[in-house]
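Per TrEMBL, these features apply:
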type     : residues  : note
DOMAIN   : A:23-149  : domain 'Amidase'
ACT_SITE : A:K78     : active site, charge relay system
DOMAIN   : A:177-498 : domain 'Amidase'
ACT_SITE : A:S182    : active site, charge relay system
ACT_SITE : A:S206    : active site, acyl-ester intermediate
Amino acid sequence: MLSLTLKEAVHKLRDGSITAKDLCEKCIERLNKTQQLNAFITETVDISRDSAAKTDRKRQKSKPMRWRKLEGLPIAVKDNFCTTGIRTSCSTAMLQNYIPPYTATVVQRLQDEGAYLIGKTNMDEFAMGSGSVDGIYGPVRNPWNYKFTSAHLENQQTKPIEQVNMRNYHTSTEDWHIAGGSSGGSAAAVASGVCFGALGSDTGGSTRNPAAYCGVVGFKPTYGMLSRHGLIPLVNSMDVPALFSKTVDDASILFNVMAGHDVHDSTTVTDEFNHFTLSDNISIKDLHIGIPKEYHTPGLSKDVHNAWVEAADMFEKAGSKVTQVSLPHTQYSILCYIVLNCCEVASNMARYDGIEFGHRATNEDSTEELYAATRHEGFNDVVRGRILAGNYFLLRQNYEKYFAKAMKIRRLISEDFKKVFASGVDVLLTPTTLTAAPTYKWFTERDNRTASEEQDIFTQPVNMAGVPAITVPSKLSDDGLPIGLQFIGQNFKDKELLTIAKWYEQQVQFKQLDLDYLDNVS
Amino acid sequence: MQFTKLTCRLWFQRVSRHNKDFCSKVPKTPKWEEVDHTRIPNVPHIDQEMINHLERVSLVEFNNQAGIERLSKAIESANKLHMVNTDGIEPMESVLEDRMLYLREDKVTDGRCKQEVLSNAVKTIEDYFVAPPGNIPLKTKERDYGSNSKGS
Amino acid sequence: MWSKQWKSVVGLEIHAQINTESKLFSGAENKFGGPTNTQVSLFDAAFPGTLPVLNKGCVEAGVLTALALRCTVNKVSKFDRKHYFYADLPAGYQITQQRQPLAVKGYVDYCISDKNNFQTKTANITQIQLEQDSGKSLHDEKDKISLIDLNRCGTGLMEIVTEPDFSDGTDASAFVKELQKILQTIQTCDCKMEEGSLRVDANISVHKPGERLGVRTEVKNLNSIKSVSKAISFEVKRQIELLENGGVVENETRSFDTEIDETVPMRDKEVKTDYRFMPEPNLPPLHLFDNESVKTVASKISVINIDDIQQKLPPLPEDTRKRLEQQYCLKRRDVAVLVDNSGLVDYFEEVMRLSPTTNAKLVSNFIINQLLGVLNDKKFTIHNCPVTTDDFGRLIDLVQTEEISYSTSYKVLDEMFEHPNITPEDIVEQKDWRQISDTQVLTNICEKVLEEHPKIIAKYRKGKLKYLHTLVNKAVIDSNNKGNPRILKQIMEDLLDNK
């Protein structure tokens, strides 16, 4: 049942071939069996069971009630989306007891169409990172190549709502792979079959990166299509709520439920959103694919390069026009991102002082002392480092040199994309990550900033320009780990992008991770 | 003549697409420009005055030498931006700069939710939030950011 | 006097709360005095994940104000974050418009009027920007805590920044009064300084004429016209004394202690803060339109047309002053008093409407020099004045036609207040206050006076012309104060010349 796609599951729920209760229990069981992946911070099992029961009762009612688009479907939501009454921690000590009194718009829209929350997923602290290893609840483990031991599988029960602060978490000696970040928990949740779709956020690749590492689809829509109301921000001018799913069709279904103007978010476009479904018969004969040459960067692994070549050649042989193009400012994009990211972080984090919400220290000598102590106790090194750097770049004497300069380069990067699309290119094809998922050991030998610089190299120029992008799993590496490829589209042409990605997915027939064997372990 | 040339080119392209020695459009080798490191501005020394100033405006401490090095590395990365010529380029603050800003009608649609507003505050007194007396500047401690770095 | 050796220069930053139903970026209510933390949305309390949404009413009010202050409205303006930590600022930053504000370069004509001095001046407006107000903190000294109420947090403010065009406290406070009148006329701010809906910060420096401008201090949160005047006057004096004694003026922020009428360093004194301005990423630029550019916009949902708002601009105080000057040939000084006092212009114009042949100058004089005083003494306002405009006009007519003397009119007006149902003519009749204008009667009185005071005549003849008035006054007394002074004077002169 758990290897169904979202589309199939929704269908079967609708026609009654599976009950919401059965599906829910299966998901909960899988959740229990995969505890050591540490994909979830908060598990909302009771809510799930209640919702499933409600869905089943609907079917029994004599008067037909509206059967909503996602009726009875469990989804997971990254723990930086506010959910009423359910702790939303952003994996930081600062918010470990924060219970929002409101729900993020995109989450609400999914719930309004009948989906229910199975849990809040693990992430890097405040979404800062590309590994999902820097949160207070410990790292997320990639389910691929993970050795689930029976010792772990016995006596598993749902984690209580109150999580132990795991800041001093000690790594195990196992050689497991990271799930990617910062939305690693959501990626692992979908890949391991716990749910059929999950929400993440994407600021510089935080959804596409873990999606590639975990062998699932990761879709970042055009900036302005999905509301950020209720998404605790990292970089407001780049953040986008993003989706994890098993197939491109699944991503499209979720996107269509969530998209459209929100009066609570002034950065959503006011244009009417035209709902769409993706065709099953797709022709790519008139398509023009661009291969940005600068995306062959130093450090690109042979495996990933080969997958890229195979995909480009596949399109060309099938009749598309494929040309090499240039995005000349690509190599400066990550540096530009560092400056803009740090500055926005410095600004966005200024509200964490312990007075209205969040952690509050006990030093009450003065406002300054309280704020400083609260922020010291509440933030990890990564967050603090970015705040200090951001404030440095925003100082009066530095503003022009760094922040304004970075914004100018942002325009150049955005223009690079515009020019290429204006020349007739429909979609760009690039790798998503430099390599397949690295091991935890290898990854933690780098500091957070270096890791981000390397891991986000292909993904974050997209956020600079606001254009939509999607990663689709293509094949396995020599080590048996998934490799994802990225398609980048034009602004507000999300439907066209998804269509092309779907065609590719149909060709490669990537075999999803199958953890059904865990069901047979008692 | 032009027409014939065009037809030839198109035919040739079709043939080469199906040719086994077909040329992939994906570059075989990395294509990044060499960065002339001599042109990158030096990272300035982060002196005590700057440390104090940043700590005061951030209300966050560097904590140890590693923290200061983190800042230096960030500045080092940011300095590479000066390799790019941005003469005559306007800063891009928002990708939606050409769009109309949505304006809300002047109506009361919010507030009147005192319980929710106070629900997450650790300390309240009679519906007020509570803060210590301010603004008293942080005591400038003599911090030794020596090589013995403390744990975070 | 030091004022000859020193020049003082003052610039103002005025924060006016915008008179809208809801706040600048949230839909919480904007009302004075609500119960603690009941007018607060999650955005106002800076809950993570909440976003600003701009209030159309605030923008329209800003544009109307900008037009009233003769500013150029920017077709594109932007929002910025200004960062600093304070307990009444939950987000750790204020959203304002530092780089590209709503409007720039305007001016205001206003009058300075006190007993000895009347002048008209023009003050230049540097810019007008929209920004958020902060919350309020109540300091409890005993328990060493601050109690924070966020009801005011996020209320829309128009910050009106002037050039340093004012010379002293009187000048600056006169400007603030004019600004109040303008904002109240266009109803974009209720200007109740006592409620905090209009607050003034003053930047003050002194220098010797011909030398460079001095170091300036900022005096914050002046919340009455009197405070504006007194604080600036005190600060100017303080700076001059300091400099004359060899001291140095520090670039600091001060507040005004109303108990001792002195400026004092602010309790929360801080080293100069770098606000690290940054564009507000959650608000794309604000585009405004005019009749031309509005044609290019497909949807009219969020469109504001500056030209439409210009049409809605009512007559401003300066417009009214100019009109009264021209229409009724009145002096600027008198017109200023009429416009200055709420309701007087309406009363005056109603009087003129009812009796158009009455001399306008006379009417305005009477209102200013008599009516205002009586209203004050008898604790009335012009709005509940018991004397109708009709009756008032008739009173003036009696003076104009010399039925009664100017001095008698005071007594008649008094009576009219006591007995509003009786017409002025009837009062004059009943009290027998009619002026005697009969030439023969008055000649007899004059001749009698001349017979009785030959010494005064002699003095007059020696060239001391003031003794004419003495003689006329005696004639007035002899006539039981009913003799027409103008005619008496004429007769007296003739008699003296012909003797």
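Each Cβ is built from the backbone N, Cα and C atoms, and glycine gets one as well.
What you are looking at is a predicted structure, and each value in this text was computed from that prediction instead of being measured.
In sequence order, A:M123, A:D124, A:A127, A:M128, A:G129, A:S130, A:S132, A:S201, A:S206, A:P210 make up the list of same-chain residues 6 or more apart from A:S182 (active site, charge relay system) whose Cβ falls under 8 Å from its Cβ. Long-range Cβ contacts of A:K78 (active site, charge relay system) within its own chain (separation 6+, distance under 8 Å): A:K120, A:T121, A:M123, A:S183, A:G185, A:S186, A:A198, A:L199, A:G200, A:S201. The average per-residue pLDDT of the prediction over the domain 'Amidase' (A:177-498) is 94, rounded to a whole number. According to DSSP, A:K78 (active site, charge relay system) is assigned to a strand segment. Around the Cβ of A:S206 (active site, acyl-ester intermediate), 38 further Cβ atoms fall within 10 Å across all displayed protein chains.
Residue counts for the domain 'Amidase' (A:23-149) under DSSP, helix first, then strand, then coil, are 44 helix, 19 strand, 64 coil.
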